[in-house]
Amino acid sequence: MTPIPQPPPADPRKLALGERLFNDSRLSADGRLSCASCHDLRTNGADEGRRPADASEPLDTPTVFNAALSFRLTWEGRFRTLSAQAEASIDNPLNMQSSVADVVRRLGEDPVLSAEFRAAYGHDVDRDSFLDALVTFERSLLTPDSRFDRWLRGDASALSPVELSGYQTFKAFGCIACHQGVGIGANLMARQGIFRPLVGRGPSRVRVPSLRNIATTAPYFHDDSAATLEEAVRRMAAAQLDRTLTDEQVASLVAFLKTLTGNYRGRPVTGGAP
């Protein structure tokens, strides 16, 4: 495991333009949805588990925080790059129902935005500059400086004895086999429900999710079926490791997982309102 790095250097004009695009509802055909509609950067970078009951998308919305560090994107690992995932979301008939070509046309009709593209890229908005600005911003959405990261960097006081015990249990029980690296996950595909069923629907093989900021992203699993982190830990241990955890083991594991909450723009990532 390695600490989350600081966001990479970037042209501030492209960053500002990308942030504006991330929040621009003109990315959707009907002008109702932006990237921020499902990825709330004020809280956990996801939708806080509060999708409408009639939501068309069948799988939970993964957080956009630290997505730039993932080896693939989406639960099914369908995309290898941020730009491919962004374009697919715009094209997706289940959410934005648009196309990059249509978005570029709409944005090009905005004289203020066109001037910002010329300032950042030296020309009017086109497909490449649109995707580059959006991805430049998404690469900045890292959440460094969790207490666990401070411990990894040598601050022995960053973790309490209970949290450190949870980390030792995390390693001893084999959780680390799938959850490791800078994202503590998000770097391999795995079969879910090895020893017993984990969830009732969805793909059998999923991209192992990052555990970064996991305490803020309830409900859990790709079907939102675990309401609490404690429930998710118990179910994962039974389904993936064939273990029945004691209350003490659950408490220490959850205490450790809570140390993985990082900071965005100098403030801790939060779970938002229920």
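Yeah, the Cβs are placed from backbone N, Cα and C, and that goes for glycine too.
What TrEMBL records for Cys35, Cys38, His39 is heme c 1 binding site. In this structure, His39 (heme c 1 binding site) belongs to neither helix nor strand by DSSP; it is coil.
Feature annotation from TrEMBL assigns domain 'Cytochrome c' to 161-261. With DSSP classes pooled into helix, strand and coil, the tally for the domain 'Cytochrome c' (161-261) is 45 helix, 8 strand, 48 coil.
The heme c 2 binding site annotation in TrEMBL covers Cys175, Cys178, His179, Met236. Taking a C-beta cut-off of under 8 angstroms and a sequence separation of 6 or more, Cys178 (heme c 2 binding site) has the following same-chain neighbours: Gly185, Leu188, Ala190, Val208, Gln240.
Note on proximity: of the binding-site residues Cys175, His179, Met236, the one nearest His39 (heme c 1 binding site) is His179, by Cα distance. Among the binding-site residues His39, His179, the residue whose Cβ has the fewest other Cβ atoms within 10 Å is His39. For the pair His179 (heme c 2 binding site) and Cys35 (heme c 1 binding site), the C-alpha distance works out to 27 angstrom. Among the residues Cys175, Cys178, His179, Met236 said to bind heme c 2, no two Cα atoms are farther apart than 12 Å.
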